[in-house]
């Protein structure tokens, strides 16, 4: 978007003589001429039109000589004036402007703007109107009554309209005001029973909700464009020799490079006549041309059938090139029921698979008026659409649904006239959209074998758009196809997952639910379309109507009936080696993820799947100072999460949701049931606030008091000389630079990697040391001299980076070696300190070289990539005994489906951990095989345990 921006001290009056407002349709990047700073004006921002450009401003030439620019003063940025192309804005009236300005999030504002019906209803909401209020995202709406409507602060020329609502019934006490805003009483209600909200948080309660049709969020540009002389889907005839042949128009437009010749028409013939493949001069003009039955002729050679009615563009439908209102043509034989889609040139597509039968029936068939059938299931996205009155829109009243033997015996059905854009012909039928056998080359010859009634096993997982069986779907063609998904699966011989859609309207070339001779579902003839699942999108017309289930309340034993896990009362140590491997490995193993729970799933799996170092947390009896829900939390962790995980290798998401709800009881916590969190947040709330776990780490800094904590975050500056650091190096360097020591040897050491947030990593790869020697990091512990191996008496932090003496290692020396080392001229000014030793250190220990080492073993690594946490755990002694866990590895169903956790072996990790640091540094991360790349490149926390402090040893 081309634009210019100025800073103005004061906007003079000629700008505001006429109040015309525009909303930006895309983001604009502009430069402030005074500060030279780049500012972003987001999509959804609102500006007031500048009528007089001569006052204090100079016109900025448009890029590449573009004209028709509009000058705007952005209302949210009072000193910002910019010029934008006309195509990048849409005019809105002042009343809409006031409603939208109250929504501070421009993205949400733009979303509401597209929902014209809801925006229009906002004008009707006034004092006394009953409404529902959305207080928090994802939660239920509370009933209320509007007590105030207007601006909260009338400081600007145009102010946003807010609504003061008194909450009723279950909403009482959930608000935040008694009607006072910034000391001014705008309405009166009880304390905490009122809220001030913008329109996006309100829903008008109506006795009769008949506004479904206009809830379709159409485009902002509704300008009419010239239509071609013949309408797509219209019936035509042509004379071939002595006979008249009929067909359906599938293309009508000028040819590229031959515009002067006028319109050409592509006709899908009723009989196998023609040889046009949809191309002209190598350009694909039509995706539905069949070389067996399609012909391309000049429009003068085409005989249109009688005109039955004047066609108008569908309300709020997207208009494409070649769309208009020249009139439609119909054939005298009965037409198939279907929707009047926007005609126009179809883009090339490989979405559609050939079905069976000819593209147009050879025998005329009487068609019933269209009905749509939707499974009545608890969480069907279309559930709210099933009570639409029969006279909705332009569709004819629905007939009785077909006999139940043609439908699934497992469901009950509702009849629903579905299409928002159907326009009936004079005979009551609906014009249809042909789908010819245009892609036989994709599928090969059709199988004409008898229909099989036992299709291959359906694939239950949806796609990235949350689509599943029962979802309202749209196939983005020109015009689009709309329907409901009846089947998802992978037919034999295909590598693609297909979706079987029952279209809302009949379409030439479609079936009654069969594909390649196999029946996958049952529907009316010419309504079954099979497409690639990835080519489907949620039906955009009903984006604002599809209810989003409350994922918190949905996570219960009823909804998750097929995924429930056991309760185990008996205390269970972790199973190791082969036994543990066999229990834990496979799909539907580990902890099931649900609704942003991966941070919690992976952390719990790391801590308890194959380690007992923290099992004391599960066993400590309740004390008088514990929170009231201490026992509930501990029992839940022990019997419903840890023990079942160790015995059966699986924990259901409902158990984790119980824990998440408990976490939210803590005053310092919020969002644990729904938001993305970090493992350290979870550990702090669980260990410190609820279970009051004894701090895992006791650390002292330079003789100060001991500090307690549960994990240690490594802070350090990046050393360019270090390619791939080890955890040993990082921990020692961090301790030396901060002058820290462990006051006690920890039984469990959780180390957070040096990174900032979820994205920025200090090192591209980190080597997770399998063994951590913390001897030199402990207070009151005998340590070896770095030179002779004797008992160290002094430590010198300044010698740490000295390349001449074991570079990158902590330097402690005996009395003799310390004197020798510091005789060197470059070390003369070093300040070394005495090593603190235990008072009762046996004299013979160090003299006989028996200075003990304190070592810890790596037992788990928590990793993060693109905000998703996964876990690596070690289940045995062997170097290759590694497992990889992902709580959301697979998906069963769409938005209201279920995540399938998975635990997989990853023995390749052991091979990479045997490599030298130099080899790892030179290794391209993209060439690291299997899961090992995530372990080496995405480590977030490394967890170590003392081999001598396990509870069950």
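Keep in mind that glycine also has a Cβ here, set from the backbone N, Cα and C atoms.
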In Swiss-Prot, which of the ranges 384-410, 708-734, 735-761 has the region 'Disordered' annotation?
-> 384-410
Select from 778-830, 831-883 the stretch of residues annotated by Swiss-Prot as region 'B-box'.
-> 778-830
From the ranges 54-90, 313-349, grab the one Swiss-Prot calls region 'Disordered'.
-> 313-349
Average pLDDT across the domain 'CAP-Gly 3' (489-532)?
-> 84
Whole-number Å only: compute the distance from the Cα of residue 868 (active site, proton acceptor) to the Cα of residue 822 (Zn(2+) 2 binding site).
-> 50
In the same chain, which residues outside the set 796, 799, 822, 830 have their CB within 8 A of the centroid of the CB atoms that define the Zn(2+) 2 site?
-> 798, 802, 811, 818, 821, 827, 831, 832
What is the separation, in Å, between the Cα atoms of residue 830 (Zn(2+) 2 binding site) and residue 598 (active site, nucleophile)?
-> 49
Number of other Cβ atoms within 10 Å of the Cβ of residue 830 (Zn(2+) 2 binding site) across all protein chains = 16
Take the domain 'CAP-Gly 1' (153-198) and count its residues per DSSP category (helix H/G/I, strand E/B, coil), listing them in that order.
-> 3 helix, 15 strand, 28 coil
Determine the Cβ neighbour count for residue 868 (active site, proton acceptor): the number of other Cβ atoms within 10 Å of its Cβ.
-> 18
Whole-number Å value for how far residue 598 (active site, nucleophile) lies from residue 799 (Zn(2+) 2 binding site) (Cα to Cα) | 43
Local backbone state of residue 822 (Zn(2+) 2 binding site), from DSSP in three classes = coil
Residues with Cβ closer than 8 Å to the Cβ of residue 796 (Zn(2+) 2 binding site), same chain and 6+ apart in sequence?
-> 811, 812, 813, 818, 821, 822, 827, 830, 831, 832, 833
